[in-house]
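Asker: Attaching a single structure in structure tokens format; questions to follow.
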Amino acid sequence: MSSSHTDCHFCLQSLRGRKYALRDENAYCVPCYDSLYANPCEECKQPIECSSKDLAYKGRHWHEGCFRCAKCSCSLVEKPFAAKDEVLLCTECYSDEYSSKCFHCQKTIMPGSRKMEFKGSSWHESCFVCQYCQQPLGTKPLIIKDNENCCVPCFEKKFAHHCYACKKVITSGGVAYHDQPWHKECFVCAVCNTQLSGQRFISKDEHPYCVDCFSKFHAKKCAACKTPIAALGGAKYISFEERQWHGECFSCAKCSVSLVGQEFLTRQDDILCHKCGSA
């Protein structure tokens, strides 16, 4: 190159008829410029002369011919590449070594493409869809069914239990009664609507009742005291000819001796011990 500069700024030799380089408005002969300012190549460690193309990436420099994939040695000049632990790799080698595999199609998720992650697995965005309607899931809520992704509407339509009472989907919890699913809040006493989930209840004609309502409306009445006989399994009562008694009420109508486990006689509506009945 021609210039008004006549001498090398470093060695002071004449630049007339010679190539030179400028730096900070000072002229240098090529040997001086290369020795003072040429960047060392990351690959071959030799200076990158001013007559060569200097390729730079994150403060490091390469000769054009040295700018290659560390694994397959293909040139990376004007090609996409990736860096791993300061090592440059072409996209193919990087994908083989480090990229995730799509859980659905098992193909590599290439660097730069959008990746969806869920429960430790990765998908191509185009593969992350509902198994049933094939609509993209994106960041929408989803449910795993048989190791496949399912959107909530499809799951509710195909698999979810519906409450026997309100017919709506049971999304969590629930109560099973007579082989039918119920919401906890829908499983109530047939009379007073008290919630029965986790409580003692009594079934009659396929309807659930709280203990109080069952005792009030459906429990057997003691023939002696006329009060309900508790219907839970722990209550003991005596039954005779369609009449029932509390155990403590089953006694002789005349002398009041307990007749539980004893012989007795009947006279009209009364029950009598053998002694009083024979008198």
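Using the three backbone atoms N, Cα and C, a Cβ is placed for every residue, glycine included.
Under the heading domain 'LIM zinc-binding', TrEMBL lists 39-100, 161-220, 223-279.
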Asker: What average pLDDT is reported by the model for the domain 'LIM zinc-binding' (223-279)?
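Answerer: Average per-residue pLDDT within the domain 'LIM zinc-binding' (223-279): 80.
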Asker: I'd like the per-state residue tally for the domain 'LIM zinc-binding' (161-220) from DSSP, helix first, then strand, then coil.
Answerer: 7 helix, 18 strand, 35 coil
